[in-house]
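Accompanying notes for the structure given below.
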Amino acid sequence: MPVTDAATEPAYTVGDYLLDRLAELGVSEIFGVPGDYNLEFLDHIVAHPRLRWVGNANELNAGYAADGYGRLRGMSALVTTFGVGELSAANAVAGSYAEQVPVVHIVGGPSKDAQGTRRALHHSLGDGDFEHFFRVSREITCAQANLMPATARREIDRVLSEVREQKRPGYILLSTDVARFPTEPPEAALPRYTGGTSPRALAMFTEAAAALIGEHRITVLADLLVHRLQAIKELEALLAADVVPHATLMWGKSLLDESSPNFLGIYAGSASAPAVRTAIEEAPVLVTAGVVFTDMVSGFFSQRIDPARTIDVGQYQSSVAGEVFAPLEMGEALQALTAILTRRGVSSPPVASPPAEPLPPPPPREQPLTQKMVWDRVCTALTPGNVVLADQGTSFYGMADHRLPQGVTFIGQPLWGSIGYTLPAALGAAVAHPDRRTVLLIGDGAAQLTVQELGTFAREGLSPVIVVVNNDGYTVERAIHGETAPYNDIVGWKWTEVPNALGVTEHLAFRVQTYGELDDALTAAARHQDRMVLVEVVLPRLEIPRLLVELVRPTSPDGSPRR
């Protein structure tokens, strides 16, 4: 632990206690931006034997990076300064709340003595009220604490426990004097939530589920909450208990092995491929596991799921044909369903698959690029272990339709949908797992919002593949409204020159307009695993993927408005 001059600072402080707890929870890097109210605390991060500081270009990017890190590690931390810094990060923190990502937001604040004077301190609103931003945090975090010396340890443990259990951000206001206040190290590990399943609820759920299933084949639709709640093993056991056709929503893409013969594809309501839609909506018994239907992943709520034939497995409760059983945790409900399939002694026949079509030959090398061409070729370039981040535009919807190789992790942000998120999030993902190559897919307009972190990739010695889709502006917005409107235009950048300008010396950069040029660039990226590779892909303004075409239609197939 950091030790300083005993005359000026105690050997072990409240700040050290917080850092030790974060390290205990699996955090080894902390993102953020320095400010005068957090500088002394940052000294303790730098001196900590199990933690490393990763500074960012701005607080918004730091929040996005912490989000990307937290999705892979299960916990992350972000440090900003009071007022100006924390509000800059608020968009990212709100996104983590919406998408259930555990991020601890630590805000360095003025000393309690300075706050007590109620004077107009810098970074405040000048009215003597230093809790404005604490109150803001209540809307976008699951737990908050304004640390006081006497209760700091207990409050730190409370916030961290809530973040770990709820899988949402927490907020800790750490005043400069409280951060240096003396305390003792943790005596024991942070207590874990021991579970809240009612044996009676579990027994009744099992009985009802067994009656509904009978000898039917079940079909499973899974989504991201299975990942967030760390119930993937229980879900995989259910899929292995019989021949179980299964699909995911776009939000849960890569949750399951998409190379499995039983994997149906992506379900998106009326925007689904017809075979996927039929398999899900006409299943004799459908198990929905961790499913949250949002507008952009459900074809604007066009799903047609019959509750009478559905077993819905949620975070703390499950239902069978509309009858709710609670409290019942997801993992235990999935285990009960697995036991039902195992005990009944009925094996379902193999899933009928359409005959495999021979792969079409690659397009002519001189052919101008299309969206489909780009995502087809990107998918063939992926290898097990890759972490793919697709920004909320043509990149996300272009990739959603494609099956990923086994062992590839896919990250998007379809609920919060903050464009530019994925570039700093890719940094966080790469820091979380530097042994897994990160592949970033992002539009030109989105990249302009957060591109500063290219320099941080270089400083951290990371070697992502970055595909920038240059379609001359906000193509998704053009597809929705304002095809030729000036507000959907952006200033064109010379993308192949951007890495140099941001301090990336060891890199490759390509500008591609034909299939042959794209093929050559991705082949070079595969050869050069030790450096950043940026590929600028030039596409027509109004070239959009099939799935996005379906989603932006003004009406559903039944004629009802989508928005």
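Placement of Cβ uses the backbone N, Cα and C atoms for every residue, glycine included.
As recorded in Swiss-Prot:
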- E59: thiamine diphosphate binding site (BINDING)
- 347-367: region 'Disordered' (REGION)
- 351-366: compositional bias 'Pro residues' (COMPBIAS)
- 394-476: region 'Thiamine pyrophosphate binding' (REGION)
- D444, N471, G473: Mg(2+) binding site (BINDING)
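Known features from Swiss-Prot, placed on the structure.
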{"residue": "E59", "record": "thiamine diphosphate binding site", "Cβ neighbours (10 Å)": "27"}
{"residue": "D444", "record": "Mg(2+) binding site", "Cβ neighbours (10 Å)": "25"}
{"residue": "N471", "record": "Mg(2+) binding site", "Cβ neighbours (10 Å)": "22"}
{"residue": "G473", "record": "Mg(2+) binding site", "Cβ neighbours (10 Å)": "20"}
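In this structure the alpha carbons, written CA, of G473 (Mg(2+) binding site) and the residue listed as 'thiamine diphosphate binding site' are 25 Å apart. Neighbouring residues of the recorded Mg(2+) site, listed in sequence order and excluding D444, N471, G473, comprise G443, G445, V469, N470, D472, Y474, T475, I490, L539, R541 (Cβ within 8 Å of the Cβ centroid).
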